[in-house]
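Student: Could you have a look at this structure, given as structure tokens, before my questions?
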Amino acid sequence: MSSDDQHIREIRVHPIENGTVIDHINAGQALNVLKILNIPTSSSRVVSVLINAPSVHGRKDVVKIEGRELNVEEVDKIALIAPNATINIIRDFEVSDKDIVHIHSQIEGVVRCINPNCISNSNEPVTSKFAVSSNGQRTILRCSYCERIISDDIGEHLL
């Protein structure tokens, strides 16, 4: 096939009238974002998911949710698995607000410690607590009680 015969193909996702677009999600994390947002498969909302879409910086995921704006707690959880994500609020088909997620230096009650012997996993009324660091691509959590580190599959340990 000659270069003249090649066609540029685009992946097109219909724009949303009102809602949220979460862009620049780390490739492969879109389904964890849906888990964080607790969107059931039986939802009447239109949800569009792009996984491993080409990007200037490699690959990314994108999630579009019609008719819903995220709360602060949801955005904070998304930041743990997608530290470079942007949250775009769409109103009347236009971006009305655009924010970059921010990772807090400490989180409480958001992630379960992976150490089964940690005090936060006992029957005691102790809330999980982690120190958070990030290098831009990877988030690292250190339990404040047992100092166990979580850096892989953080989405699997969200409460």
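All residue numbers here begin at 1 and follow the chain in the order shown.
Cβ coordinates are placed from backbone N, Cα and C, and glycine is handled just like the others.
What Swiss-Prot lists as Zn(2+) binding site is C113, C118, C143, C146, and the listing cites sequence analysis.
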Student: In the structure shown, which of the binding-site residues C113, C118, C146 has the fewest other Cβ atoms within 10 Å?
Tutor: C146
Student: Would you count the other C-beta atoms found within 10 angstroms of the C-beta of C143 (Zn(2+) binding site) for me?
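Tutor: Its Cβ has 22 other Cβ atoms within 10 Å.
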Student: Suppose the Zn(2+) site is C113, C118, C143, C146. Which further residues of the same chain have a Cβ inside 8 angstroms of that site's Cβ centroid?
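Tutor: Once C113, C118, C143, C146 are set aside, the remaining close residues are I114, N115, N117, I119, S120, N121, S128, S144, Y145, E147, R148.
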Student: What does DSSP call C143 (Zn(2+) binding site) in the simple three-state scheme?
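Tutor: C143 (Zn(2+) binding site) sits in a strand per DSSP.
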Student: Which three-state DSSP class does C113 (Zn(2+) binding site) fall into?
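Tutor: The residue in question, C113 (Zn(2+) binding site), is coil (DSSP, three-state).
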